[in-house]
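Report on the following structure.
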């Protein structure tokens, strides 16, 4: 099969690799019909994450058709159309029973990213996200082996197009969990730092949950314009405003700040010189600019929700300010499985339209170019979907939009 493989920072290529096969009795093999490039993939692409090896297959946002099942798979059969959570969970351990699937104790043979973990078990394995998280081949490929086939795969209704369902794999549940963690309710005020795919969908979720005043902070004008035009967010460009938190506070009741802030940036994917040195030492770091801004912008007693990925040290983390303001922090990888039953009806009813953030539909063969476009924000790129078998951008979009490919094997 063809897969996108890693060969060093900024060097990925589509090449032929062995087809995956069933290894455990509850595995399934999936034919990929749509796969996406995630913002967190850029950390891997840029060489910012330790234990990424030459030949590794990226990709944790994917869906497709079941083509083979292990003998113990009970919930699926060949031909089923499913979307796959990026978190691999066993469904039966202490944490899975708490619906904290990202903390599953039984799927990750790696050590995770915690620097001071002691004897605490590693978190769940993640598809295509380094050997820290299990070294499980990802879904930027024509086929993929999916472990725990009775637990993770989520059946997609026949009339729901791939581009509407695909982001149930990661960024829509991530956005939803971030908004829920922020305890957004009718009339809330919230500031979202980062207008990438997760940030934009977080704004959509916040609006649906009743947020009245939403600020969005970024420095890409086209993203800010989209957030303002589509979701009614108040845009702040930090290239033009050196202190967005101050501007936010000045526009809130009593100059108290917003009820909640959501950091959809995480450690900066571009990386400063300091961050690069720390990466080489296997101690990833972040300047912490976004997080400091979040702490400054939120009101006393407010909530800081962090869906953005962090690892290692945070430089200049103003813990004293957080203590003084009595802030609550909620963060971590997304417990995808817990949210799917809640989110699917919202998509079916048109209350959430995750596909609207997509700007680029591309043939899978052009995946390396897709990474370049997404990384450099060329062509006003917000989100890239890659489609195996498509021969052109038009064919790729046709294959995953509307009712095309809504049933295995063809068009309705």
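Counting starts with 1 at the first residue shown.
Every residue, even glycine, has its Cβ placed from backbone N, Cα and C.
Record features, source Swiss-Prot:
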BINDING   38, 60  Zn(2+) 1 binding site
BINDING   90, 93, 96, 104  Zn(2+) 2 binding site
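Within the same chain, residues at least 6 positions away in sequence whose Cβ sits under 8 Å from that of residue 60 (Zn(2+) 1 binding site) are 38, 40, 41, 86, 126, 127, 128, 129, 138, 139, 169, 170. Other than the site residues 90, 93, 96, 104, same-chain residues with C-beta atoms no more than 8 angstroms from the centre of those residues' C-beta atoms, the Zn(2+) 2 site, are 89, 91, 92, 94, 95, 97, 101, 103, 105, 106, 107, 124. If you count neighbouring Cβ atoms within 10 Å for each of the binding-site residues 38, 90, 96, the highest count belongs to 38. Sorted by the number of other CB atoms within 10 A, the binding-site residues 93, 104 start with 93, the lowest.
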